[in-house]
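J.: Supplied in structure tokens, the structure appears directly below.
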């Protein structure tokens with residue numbers, strides 16, 4: 001059943017014995033650069049290649065289906081899994097469902113479960129202040145149009161190779177102790193490869209050719225990764241710079257309708273930063289929130305429970321005059 005959420009409660013309990021909130025050394029910086037090249041640059045090249053090949057190999061319903069299907073699976077993993085479940089504990093579920101959500105989240109290739117959660121929890125702790133890994137706040141990077149552009153660039157992509165790594169022992173201690181999640185974490189690359197193999201194999205089987213397999217890899221693999229990646233990154237940049245700010249969230253988060261569908265409803269950032277533990281990010285009937293639609297359906301099926309939602313009184317109390 002759904003339950004009122006405690007808006008004052010943090011999403012996690014920091015480890016009392018762990019003093020350092022961040023880790024910064026040459027090894028970590030090297031990993032950040034490698035991750036960026038492998039899972040941001042290569043999908044971008046793959047997307048350009050897929051578009052260039054349209055002249056010789058027009059896209060078919062198969063490629064469109066693989067793109068949409070793999071995008072949906074990745075976004076379920078990232079929006080419902082990594083974000084609302086693992087980072088904010090907006091609902092409870094079984095170990096089997098948590099494993100499925102974790103693997104699907106890893107297919108999005110934005111970091112292992114523990115790393116993703118640690119970065120996100122630090123973002124909420126320092127939202128749009130010094131210490132936020134990916135704020136576009138121009139006050140942190142300079143005023144004027146150039147400061148704004150630098151802020152947007154930093155929040156969207158610049159931070160990926162240049163941020164202090166949040167210490168998982170501080171920000172995600174319960175996940176570090178979870179043996180199942182730790183095993184999924186260690187096999188992060190396996191899940192990314194699986195996310196590439198599925199559309200490759202399906203494309204080859206459906207088309208009955210190697211060309212079909214390559215098309216499946218390009219559209220269901222690399223283009224899908226590019227779309228998912230930039231959709232999520234747009235939340236960091238555009239949804240903390242443009243849009244409405246109806247609630248007193250103590251930061252610069254904005255509600256942005258333009259990327260609501262591709263982000264599964266994650267773009268209602270002012271709502272989210274005001275009620276961070278809520279399973280629903282879209283709080284009005286017209287605020288599209290595919291992630292919560294799925295959670296609602298899973299709750300009806302008994303697959304998730306204790307779904308946290310703000311009451312009407314809580315929402316009214318946080319509205320700006």
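A Cβ is built for glycine as well, from the same backbone N, Cα and C atoms used for every other residue.
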J.: Quick one: which of 15-35, 99-119 does Swiss-Prot have down as transmembrane segment?
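T.: That would be 99-119, the stretch labelled transmembrane segment in Swiss-Prot.
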J.: Near the motif 'Histidine box-2' (120-124), which residues from the same chain, at least 6 beyond its ends, have a CB less than 8 A from one of its CBs?
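T.: The answer is 11-12, 21-22, 82-83, 87, 131-135, 166, 171-172, 273, 276.
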J.: What residues elsewhere in the chain lie close to the motif 'Histidine box-3' (269-273), defined as a C-beta under 8 angstroms and at least 6 residues from its ends?
T.: 124, 127, 235, 239-240, 243-247, 249-251, 253-256, 281-283, 287
J.: Near the transmembrane segment (36-56), which same-chain residues lie under 8 Å Cβ to Cβ, leaving out any that are not at least 6 residues past its ends?
T.: 109-110, 157, 160-161, 192, 215, 217-219, 221-223, 225-226, 229
